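Colleague: Handing you this structure, nothing more for now.
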Amino acid sequence: MAFGLPMKSMEPTICGDKLGNLIMEVAKNFVVYIGMVLACNGLHFLLKPYKQPRITSDIIVGLLVGNIGFVRELFEKFNLTLGFIIDFGMTCYMFTLGIEMDPHALFAKPNRYTKTALAGIICSFIMGGLVTPMFRYFPDENKLLEFTLAFSTMISSTDSPLLTRLITHLKIGKSDIGKLIIGAGMHTDFVCCLMLSIGYIVVPMPAYCQNLLGRFEIKKTVNVVFAVVVQVGFTAMVSPMLLKWVSNENPEGRPMKGPHLVLSIAFMVLMCASTTMYNYNPILSAFLVGLCVPREGRVSRWFITRINYMLTTIFFPIFFLWMGYESNFRQFELHHPATWVRLSVVLVVAVAGKVVGVVVYGAMSGVHWPESVAIGMLLVTKGHLQIYLAMKVIGCGGVTTSTGIVLVLGTFLTALPASRIVASIIRRAKKRAPTHRLALQMLDPSSELRILLCVQGPQNAPASINLVEITKGTADTGIVVYVTDMIELTAELSDSLERDEALQTATVKDRAVMERRDQVTNSFQAYVADNDDGITLKRTMTLSTITNMPQDIFILAEDLMIALIILPFHRSQREDKRLDSGNPGFRYMNRKVLRSAPCSVGILVDRGLGSFEGITRCEATINVAVIFIGGKDDREALAYASRVAQHSQVKLTVLRFLVDNSVESAALYRIISPEQEKEMQLDDECFTHFYERHVIGGRISYMEKHFANAAETFSTLRSFEGQYSLVIVGREGGMNSVLTRGMNDWQQCPELGPIGDVLSGTDFSMTVSVLIIQQHRLRGEIDGLDEDFSII
């Protein structure tokens, strides 16, 4: 008994020591992780002036930190756990990648993006299959064909998420070549991942790595094929119904219910795990499930944003630390010539394959060869999936750590020159399209028009609907209208918000705000239901303080590639038909938008435009006038009027105000500078084109008015009462002209320009609505070149 007591007292001590050691080891891992995060962010900050993508700094830090002695010793104890974390993270990565892909592209008619992607894939695959076996990347000759096919697929692939972020960050995502690169990258990634998913059924790599002499077992293959087909078919049938039901039960702007969210997650996990029972790879299984999940909808967006947030903030530092651990520099054959030959061959085959394929297709489709070369080189970009596969293949078929490091270095080098390639694209674009603007005048009349329609509340809905109706053009051209509620974020409203820090979003729960939004939504949905020809309606919300609201509108317009922002005037019509004193906050906002908007802007002064209910049903006509004096804003107003003229219920009159040179006083003040002379030439060209296209046919009325001074101009404007229901005018039309000289002496809203200020005056009219249009000013974000430039 005496000897037993010390033994019992020692047992808790041993357990406590083990627990203490475990906690200490976990703490060390956490410290290494924090150091990894800080080092990655620090190096990325240092490389920012060189516009390097984040993956370059992550690879450098991962290779260095992962080969530190005590870090390797630490990770050897948690190697199995680290492997589970990496596999789980890559499963989530592939799931979101699948959601963002469009499986219907396989069955649709090949477009430009698809053809570019396939040209690069086919050429790279053939070159990889022919060249790489000669350099013995896989020393064991057993299953050499299978390994070569898998290796060629990896060489042919593109990391589309990385390429998309890269192109967007370098500000060419809205250009035609940027869209082509992103679209071709998405199709390349989709096709290559699909090839890997199908190929894995026939060539399950883990089984072959463990037994290279094993034979092909058709029974196992049939079982896996059956399991994958059932998984894909069931997910494709059930997930749209499930997610649609969850979205209907959880409308936008309201918090998502927990049970519905849990049900959605459980369904996705069950589908991803179903084929693993038949030894199918869980990462590829997640990709196939993601393909079958609808891309649209609140639940899909929730999955994408949550998983991407987790990957960016938590997983990727661990991933690159694992990459560095697996890339043991002690086993890297630095002095062996074959190592550098293999690295050179990988790069040459990957680059040459893409470039040759894209250049050949570009020659057939009319793309200039410098642009084709640039597109091909950017499509070479490799990323996280390729690094993961390179690490996983180490030890399989005799593949050495040195070969794995070579593949990682190859991935690093594919992303390194991207900024230089984009810089060369921009240089050529500046030579070819130095003055391209995102303006109505520059748009193809037959192309789709994208409008951001801002409303303060339900009172703006009727006039906005009629404006959309007369703007929609023909059903062939189409119009996309984003209706956004401008909600001022007050202290009271801020307290009622439900915030999600991870997604950096907030859900409005204020009942009054939600009711106002519902009224606006119902009004527009009822209109679209009756007039769905060529109209696409989408809803958004701008929730911000008055100070920050202009910037939020700019971001929204850029993300949605808007051509025209329409804002309500800060003054509203009272019951006595006169305008009130207005909201100074919204006036401030309108002025900020006019000053810095990324596209053209229209300010709508509503004096009963919404009362014409018969326009949408083609039961009433509306008289519209457009004033043309001269200048870029008047040319923009004329371009807008050309769309309005296409409506059958619109009677459009073009009024051109000219200086009466016969009057001596008018000629005395008329001193023309070289810049004004150039503008006048542009005015004449624009108006002649409009006249020949619209006026000669007789559908549009045209009148010329000759004035000697601003007083005659003003008296003509006053005569509009009872003649026109809507007047369209350019913001700076007539600026510094004899026709408006002296008008600024009594201006109330100078931000609307001389003519717009008169027409929007509180005592000017009771029935004439006004649309003041400003043409997009050229942005200098890419050294004087707009982001939506065209080069191919």
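Here the Cβ of each residue, glycine as well, is placed from N, Cα and C on the backbone.
The structure displayed is predicted, hence computed values, not measured ones.
From TrEMBL, here are the annotated features:
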type: DOMAIN; residues: 43-397; note: domain 'Cation/H+ exchanger transmembrane'
type: DOMAIN; residues: 510-611; note: domain 'Cation/H(+) antiporter central'
type: DOMAIN; residues: 622-776; note: domain 'Cation/H(+) antiporter C-terminal'
type: TRANSMEM; residues: 30-47; note: transmembrane segment
type: TRANSMEM; residues: 113-135; note: transmembrane segment
type: TRANSMEM; residues: 180-203; note: transmembrane segment
type: TRANSMEM; residues: 224-243; note: transmembrane segment
type: TRANSMEM; residues: 263-291; note: transmembrane segment
type: TRANSMEM; residues: 303-325; note: transmembrane segment
type: TRANSMEM; residues: 340-361; note: transmembrane segment
type: TRANSMEM; residues: 403-423; note: transmembrane segment
Colleague: Checking distant contacts: for the transmembrane segment (340-361), what same-chain residues at least six beyond its ends satisfy Cβ-Cβ under 8 A?
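Modeller: The answer is 115-116, 119-128, 131-132, 135, 137, 155-156, 367, 369, 372-373, 375-377, 379-380, 382, 403, 406-407, 409-410, 413-414.
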Colleague: Considering only the recorded stretches 180-203, 224-243, 263-291, 403-423, state which has the highest number of Cβ pairs under 8 Å to the transmembrane segment (113-135).
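Modeller: It is 180-203 that shares the most Cβ pairs under 8 Å with the transmembrane segment (113-135).
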Colleague: Any contact between the transmembrane segment (303-325) and the transmembrane segment (180-203), i.e. 3 or more CB pairs below 8 Å with pairs at least 6 residues apart?
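Modeller: Since fewer than 3 Cβ pairs under 8 Å link them, the transmembrane segment (303-325) and the transmembrane segment (180-203) do not come into contact.
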Colleague: Apart from its near flanks, which chain residues at least 6 from the ends of the transmembrane segment (30-47) lie with a Cβ under 8 angstroms of it?
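Modeller: Answer is 54, 56-58, 60-62, 65, 71, 74, 317-318, 320-321.
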Colleague: Which listed stretch (224-243, 263-291, 403-423) has the most C-beta pairs under 8 A with the transmembrane segment (180-203)?
Modeller: 263-291
Colleague: Take the domain 'Cation/H(+) antiporter central' (510-611) and count its residues per DSSP category (helix H/G/I, strand E/B, coil), listing them in that order.
Modeller: 47 helix, 23 strand, 32 coil
Colleague: In this predicted model, what is the average pLDDT of the domain 'Cation/H(+) antiporter central' (510-611)?
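Modeller: When the pLDDT values over the domain 'Cation/H(+) antiporter central' (510-611) are averaged, the result is 86.
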